[in-house]
Each structure stands twice: as C-alpha cells, then as structure tokens.
C-alpha cells in the first residue's frame, strides 16, 4: 500500500487518471443499484406482507433470481442482453446515439449522467485529498450518496440497506479520528437523528401531517457520524436553502403542484457532500465572519 501511495505521489496524473476511469466504471454499476434496489425492496415488502396475512405471494414480473448482479443488463423494451462493449461508461451512449443497438428505443439520459457525475466526483476527490485514507473513505461515501440521492429522487425512499452501513462506516473511520474525533462522531450521529426526529414530531403535532420521512433522520445521522456534530447545522442549512429555492421555483413554474411532496434527501446529500469537501472552510468562515472569533 505504501509503495502505491509513493508511486502516486510521484505521478499524480496517473493517480487522477486511474481513479477517474474506475469512477466512471463504478458509475455504471451505480445505475444498476439505483434501478434495481427499489424493485428488490418492493418485492421483499410484498412477500413479507403476504406471509403476515397468510396469503400467497403476488405474481412478480421480476425473474426468480434478481439482485444487483443477476441477471445481466438488458434493454427494458426488447429484452436484448447488453454486451460489454455497449456498456462502456458515457462513450457507449454517445456511440449508440442514446438508443438501444437492437430496437433503437431511446436510452434514458440518467445513465450517462450518473456515470459522468461519478467520474467527475471521483476526479475532484482524488485531486482534493490525494492518495490517502481520507480519499478512499470519501470515495466510498460519495458512491453511496449518489445512489441514495437518485433513489430518493425517483421513489421518495432512502433505503436502510445503504444508509445504515454508511452510518456505521462513518463511526468506524473515525475510530482513529480520520475526519473528526470519535466522540464528536458519536454525538453527531445521535444529534443528527434526534434533531430531525424532534422537528418531525413537532410539525406532526401542529399540523397533523408528516413533513419528512425517517430516512431523512438517518441520513443526517450519517453525516453526523462522518463529520461530527459541528457539521449538522451547515448541512441542514445548505439542504434547506437548496430545497426551498428549487421547490419554490418548481411551484411558480407549475412543475410541482401545491402540497405535492418533494424529496428532501437529495438536498441533505448535497449539503453533506459540500461539507465533506469544504467543511473546514465553512466553519472557519462562520466563526470569523459571523461569530467574530
């Protein structure tokens, strides 16, 4: 490991090139996670409900073996298997002109967007952190956050299968204070959950409505575990401002009906990722400019 770090320190361009290429490839896998995980969760819920009611499981259009690895990728329209050379991140989409090579059905722009976003985020993290343990940890976190944001955007769900492992991982990486001391991480995880849970209960008491989901509580707890309790206020402020601006804009333009819910998870993800990269600068600016310390 030390040998590789020394090599990448001497050849930073090689480190950036390799990590970006791997980021693009992993972006292609994230598309699978984003598409399949909600389907897997839905089938699992249906089976659990059927068992609880002593009823036969409902028929499913999904194959018996359906997970993140099986079956292989195929066109959703014609069912033709997608060969490896048509799965090259971003490039295949451009060469195929955004259409299935067999039936010419348009391919969602989501796929190259996620691949490109993952590749660019990886490049930025590699440049920002360099070849280090912080880079590896931040990279894993970023891959999970992209998946969570996209799934929440599509389904208004934040899967525990992603959120909870990332939360525990945040505590583990801070055992030796990789980002913050462990004490701050533990307090941050607890306060992150309890703060939004308290707001949720107060809002429900006053209005009789649920203003957000439990997944949002866990997501903020995740960032508390990674970056400690000082991160909670900046993360939630960025998320609230971003969500409010976009929500109001969509309502004014008529693209979001009044009273229609909008996922908050992607905005928490945005706030958390901004804090990952610029958190120290944000806190220092606040202390010097606002508090005057």
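Note that Cβ sites are derived from N, Cα and C of the backbone, with glycine treated the same way.
Here's what TrEMBL has on this protein:
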type	residues	note
TRANSMEM	12-34	transmembrane segment
DOMAIN	22-129	domain 'Prepilin peptidase A24 N-terminal'
TRANSMEM	109-127	transmembrane segment
TRANSMEM	133-151	transmembrane segment
DOMAIN	139-248	domain 'Prepilin type IV endopeptidase peptidase'
TRANSMEM	163-180	transmembrane segment
TRANSMEM	186-207	transmembrane segment
TRANSMEM	219-252	transmembrane segment
TRANSMEM	264-287	transmembrane segment
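Summarised as a single figure, the pLDDT of the domain 'Prepilin type IV endopeptidase peptidase' (139-248) averages 95. Within the chain carrying the transmembrane segment (133-151), a Cβ under 8 angstroms from the stretch's Cβ atoms is held by residues 19, 23, 26-27, 30, 33-34, 37-38, 110, 114, 117-118, 121-122, 125-126, 157-159, 162-163, 165-166, 169-170, 173, 178-179, 219, 226, 265-266, 269-270, 272-273, 276, all 6 or more beyond its ends. Helix, strand and coil counts under DSSP for the domain 'Prepilin peptidase A24 N-terminal' (22-129) come to 59 helix, 4 strand, 45 coil.
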